[in-house]
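Visitor: Below you'll find the structure I mean.
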Amino acid sequence: MVMKQTKQTNILAGAAVIKVLEAWGVDHLYGIPGGSINSIMDALSAERDRIHYIQVRHEEVGAMAAAADAKLTGKIGVCFGSAGPGGTHLMNGLYDAREDHVPVLALIGQFGTTGMNMDTFQEMNENPIYADVADYNVTAVNAATLPHVIDEAIRRAYAHQGVAVVQIPVDLPWQQIPAEDWYASANSYQTPLLPEPDVQAVTRLTQTLLAAERPLIYYGIGARKAGKELEQLSKTLKIPLMSTYPAKGIVADRYPAYLGSANRVAQKPANEALAQADVVLFVGNNYPFAEVSKAFKNTRYFLQIDIDPAKLGKRHKTDIAVLADAQKTLAAILAQVSERESTPWWQANLANVKNWRAYLASLEDKQEGPLQAYQVLRAVNKIAEPDAIYSIDVGDINLNANRHLKLTPSNRHITSNLFATMGVGIPGAIAAKLNYPERQVFNLAGDGGASMTMQDLATQVQYHLPVINVVFTNCQYGFIKDEQEDTNQNDFIGVEFNDIDFSKIADGVHMQAFRVNKIEQLPDVFEQAKAIAQHEPVLIDAVITGDRPLPAEKLRLDSATSSAADIEAFKQRYEAQDLQPLSTYLKQFGLDDLQHQIGQGGF
């Protein structure tokens, strides 16, 4: 008897690649077509109803937007570039993803297999280019295994919370492979279970907190799900809270015992308290300036909670470490304590925060004088929805947004945290609106950062992404100019540039826009922008002064360390006549100033 043979069905390898992406929940990706990536473009065209191609105007924007996808959602972001320059243009965004530990997949075009290693047009050995940025970096060598390679790349990106790069010779996706041979492992992928907090370690940590005279809780984005526990522990034990800048908003900015963040992108109360604390509890924190700033020189006990064993003891010698989830560990601490009476340390910090916030409000509420960033950010706060998302570029805008944006746990904000590449504002806003179309999205950028990716305002228009873009124009790289003031011996160099009228740039890509240079213009213009952004993107170009924001890391307020003339000059320059140092409130509540004691080098 002759068995009837079933006819084998085939599928294009490129179609299988797209189906693997779909299986992992990818619903859009970014890039620019090229001859070496056209086979993937062909497959995308066939699946356009299920996965959307977003055409950016520079591959860098695609990679930055993919990184922003991952930062906002936790899901993998995907971008692509053609062989040679298309792929290398992705690098800034890929490094941003690597440094902020988020999963991104980059597909790189390559000349067909018959022309590889022949010095053909735009053909080169691409693997070494991506060796540093990627946790997984391979070139596909045959069509049959191509879907598996893509699946493996995604699993590795998730597992390592980093970048995966796959170079794809252009002929492979057009080849037929057996339809039953490809699969995606998305439905079987699992994240590791987080360790439970060790009871004895939690007890020791709790006892140390209770014995402290000047305790401080310093949390990072690893505590993103523990906002309620952080605030409750702070209230119960009367411990002030401070965060890294990326963790802003985990606890509402309005919380009276929230001090802000430290170092330079900082708020004054945080820097001052950190220098005085005797016990610091690090929660999900990888503060990158600990070693260079000597932030913990008066710290007697350093405590740490983290899910990553590599982080324990990384930034400071740690006395008690708990390898566990932040939320569970904080809940375990709360279970061991009861509410304490107010302490002098607690009262001094509350008073210092109140004084600092009054200073910030005095800048924001000015009704006359030249337009400054502070009044513009007040206008942003006025029209912001409770769950607004902010994509913030890099530079002085980080420092000012850190101080003047009023965030709660309902908000999200993203920037390039550790890599700190300029130009991320526009790409991040594109990603935010694609992922959360129902939420209000702001792009906040200085003119330096905005000029790096301004061509992709056109992408917002093309895909009808109603972003409110606010550009802070002062014709300088302000953050670097301020550094030069502190470090250089000679005049400023390379930090000032000619004006760009961003309202005209926006008009050129068919986006409604405004240009303002007076405080009194802000209310009406921002209300108009909010109305426009119900349906389409809009841009406000705010021409502001080049004033340096108050340097919280270089305070001249305390008579123990600064002359009366220096203090007066500092207050005049930064409009800070009523601003007081923490030492004023320490003295008021009967505490010594450890920071300024002669010979004080720790406990």
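Glycine too: its Cβ is placed from the backbone N, Cα and C atoms.
Quick paste from Swiss-Prot:
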type	residues	note
REGION	1-191	region 'Core'
REGION	192-342	region 'FAD-binding'
REGION	343-603	region 'Thiamine pyrophosphate binding'
BINDING	Asp447, Asn474, Gln476	Mg(2+) binding site
Visitor: Whose Cβ lies within 8 Å of the mean position of the Cβ atoms of Asp447, Asn474, Gln476, the Mg(2+) site, other than those residues?
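Guide: So the additional residues around the site are Gly446, Gly448, Phe472, Thr473, Cys475, Tyr477, Gly478, Glu496, Phe497, Ile544, Gly546.
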Visitor: For Gln476 (Mg(2+) binding site), what is the tally of other C-beta atoms lying within 10 angstroms of its C-beta?
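Guide: Cβ-Cβ neighbours of Gln476 (Mg(2+) binding site) within 10 Å number 19.
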Visitor: On the three-state reduction of DSSP, what should I expect for Gln476 (Mg(2+) binding site)?
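Guide: The residue in question, Gln476 (Mg(2+) binding site), is strand (DSSP, three-state).
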Visitor: So, three-state DSSP: helix, strand or coil for Asp447 (Mg(2+) binding site)?
Guide: helix
Visitor: Quick one: of Asp447, Asn474, which of the binding-site residues has the smallest count of other CB atoms within 10 A?
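Guide: Among the binding-site residues Asp447, Asn474, the lowest count of other Cβ atoms within 10 Å belongs to Asn474.
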